[in-house]
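Asker: Copying in the features that Swiss-Prot gives for the protein in this structure:
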TRANSMEM  34-54  transmembrane segment
TRANSMEM  57-77  transmembrane segment
TRANSMEM  108-128  transmembrane segment
TRANSMEM  163-183  transmembrane segment
TRANSMEM  221-241  transmembrane segment
TRANSMEM  245-265  transmembrane segment
TRANSMEM  277-297  transmembrane segment
Amino acid sequence: MSKHDVERLPAACGLTCPQRLGQYWQLVRGDRPIGSLLLLWPTWWALWLAADGLPPLWTLFVFTAGVWLTRSAGCVINDYADRWLDPHVERTKSRPLATGAVSGREALWVFVVLMLVAFALVFTLNWLTVLLSVPGVFLAASYPYLKRHTHLPQVYLGMAFGWGIPMAFAAVQGSVPVLGWLLYAANILWATAYDTWYAMVDRDDDIRMGSKSTAILFGRFDLVAQGILYALMFAVLALVDLRADLGAAYWAGLGVAALLVAYEFRIARHRERGPCFRAFLHNNWVGLAIFVGIAVAGR
């Protein structure tokens with residue numbers, strides 16, 4: 001047992017069984033589904049594009065369940081990596097690992113179980129999909145440690161959150177075409193942009209604690225940088241249409257998504273914590289709008 005676990009042990013021992021289950025639920029962010037939705041939409045974009053419509057139902061189930069499992073596992077390993085930092089950050093000081101309600105060892109077991117269940121589901125698909133899941137595990141497990149070494153953890157998050165895209169094409173088509181990699185690139189740009197909103201919420205705390213983020217890197221040019229990222233995302237999504245020939249419905253979806261992004265800049269233009277967090281949450285609707293465009297175009 002680590003020194004941290006010993007120090008936090010009394011907080012964990014005083015909990016009833018329902019309370020402990022509630023702490024585990026918070027640990028996997030079951031009470032905050034936004035992260036799963038931000039991971040789900042690009043995965044569904046890929047499934048619908050790869051299948052040219054509704055994908056096989058079992059494949060759809062595996063990827064939908066896998067989104068929740070891997071996102072939950074990612075949250076657990078993130079909190080484990082930040083268990084020394086989170087007690088000193090306003091937004092994260094009440095997390096189960098930060099308060100000691102869940103020990104570091106327990107968190108690692110939760111991570112392992114979630115990843116094993118996710119891998120068991122992937123194992124029912126073809127071998128290319130199984131092989132692609134291996135770098136997916138590495139991306140999910142290593143992301144939390146990037147903020148100590150680079151100002152670009154948001155880019156890495158986009159790589160991790162979007163890895164379901166090449167896996168989806170592999171599962172449906174047996175290969176990953178250029179279209180799949182274009183969609184993956186668009187997702188990296190999107191995730192970097194929306195997670196910068198999130199990083200702006202914590203910017204003052206991160207500077208004080210020595211953590212790194214794109215919000216710190218961009219500084220006073222943060223809104224300009226995000227505008228460029230979103231513009232590049234839409235440019236790459238336009239290239240997706242050149243490959244897939246999706247038509248008017250897809251462009252209507254992109255148009256709605258662009259209006260939603262413009263609204264984010266309006267509400268967060270003064271960079272306050274609350275509006276920046278709302279702008280981050282608002283990206284759920286951006287992902288949904290793009291998905292609806294793809295789904296209608298594929299009918």
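Cβ from N, Cα, C; glycine included.
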Asker: May I ask which of the stretches 34-54, 57-77, 108-128, 163-183 has the most CB pairs under 8 A with the transmembrane segment (277-297)?
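Answerer: Comparing 34-54, 57-77, 108-128, 163-183 against the transmembrane segment (277-297), the winner is 34-54.
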Asker: Need a quick answer: max count of Cβ pairs under 8 Å to the transmembrane segment (163-183), which of 34-54, 57-77, 108-128 is it?
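Answerer: Answer is 34-54, with the largest number of Cβ pairs below 8 Å.
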Asker: Counting only residues 6+ away from its ends, which parts of the chain sit with a Cβ under 8 Å from the transmembrane segment (108-128)?
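Answerer: Same-chain contacts beyond the ends: 24, 27-28, 58-59, 62, 65-66, 69-70, 72-73, 76-77, 80, 102, 137, 140-141, 167, 170-171, 174-175.
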Asker: Same chain, outside the transmembrane segment (57-77) by at least 6, Cβ under 8 Å from its Cβ: which residues?
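Answerer: Distal contacts: 27-30, 35-36, 39-40, 43-44, 47, 107, 110-111, 114-115, 117-118, 121-122, 124-125, 136, 140-141, 143-144, 160, 164, 167-168, 171-172.
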